[in-house]
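Here the structure is laid out as structure tokens; the discussion comes afterwards.
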């Protein structure tokens with residue numbers, strides 16, 4: 001296990017170099033992209049099995065996911081398992097608890113709003129709404145991080161968003177409550193990703209993926225536990241559901257922490273593009289696993305998404321060549337005194 005002992009404010013940063021210039025061409029970045037896709041698929045399909053076959057409760061499932069990310073995140077703060085370089089802190093970074101509470105609240109809000117959306121509209125409609133995530137990420141990244149994207153990069157997002165919309169637009173059902181919840185879910189998820197990127201790739205202080213996982217899960221659990229006691233009928237929870245929920249929570253932990261590690265190598269917009277491509281990929285995996293009907297729109301949408309991702313990579317490369325800049329992710333309005341442990 002490699003570790004860094006933070007003897008001073010500067011040492012606490014650990015390896016302060018940015019990986020963003022390498023992007024997905026970096027071997028570790030590409031490895032964690034594959035792991036992110038793999039664990040996302042495991043989580044998604046086990047979600048479907050628990051909710052449809054075992055008739056599990058969505059709120060109970062969400063609570064188990066947060067509980068497992070809390071437990072596994074605590075373990076990985078001391079045993080990184082090669083995912084990151086451990087930092088032993090003698091003091092907390094500026095605004096540590098405030099940042100953790102904010103991200104934890106966003107995680108909880110995203111889960112709750114997602115459940116509300118699914119209660120009123122079809123999954124395909126929710127995925128169509130989420131296809132607009134890259135453009136939300138561009139706007140939020142510009143507001144929070146000052147990151148600017150070129151015209152060609154912005155234009156390349158159009159086929160990516162449109163392709164996913166084509167993949168998931170079968171049997172759309174519209175309900176204003178579901179639409180508003182899906183849009184709010186999209187916004188909070190994008191905001192959470194950009195904010196997490198700022199914390200993981202900070203110019204002065206860098207939070208480890210396990211710290212984000214543990215402390216944000218703890219913040220989310222403070223709200224989620226009372227909600228679970230109010231909404232979940234524990235008398236109908238069967239013994240068969242509990243092991244499945246625990247396994248699902250482990251998959252969800254590795255899905256989340258893989259995404260956090262990946263954030264240190266790529267920009268929030270690239271992360272959003274990868275997330276959009278992941279959704280299209282999982283749609284096709286579900287077709288192969290569950291024998292869902294393949295439509296012309298699904299096939300066309302997949303081709304458009306792949307073409308859009310290739311265009312985005314080329315546009316991003318051209319943009320970086322024209323405007324080589326070092327992105328700093330530590331806005332001045334977050335500076336505070338260092339808080340003691």
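Yeah, the Cβs are placed from backbone N, Cα and C, and that goes for glycine too.
Looking at 6-26, 27-47, the range annotated in TrEMBL as transmembrane segment turns out to be 27-47. Taking pairs at least six residues apart, the transmembrane segment (27-47) and the transmembrane segment (281-312) share three or more Cβ pairs below 8 Å and count as touching. Most Cβ pairs under 8 Å with the transmembrane segment (59-79) belong to 239-261, among the candidate stretches 149-167, 239-261, 281-312.
Residues 37, 40-41, 44-45, 127, 153, 156-170, 270, 273 of the same chain lie 6+ residues outside the transmembrane segment (281-312) yet bring a C-beta within less than 8 angstroms of a C-beta in it.
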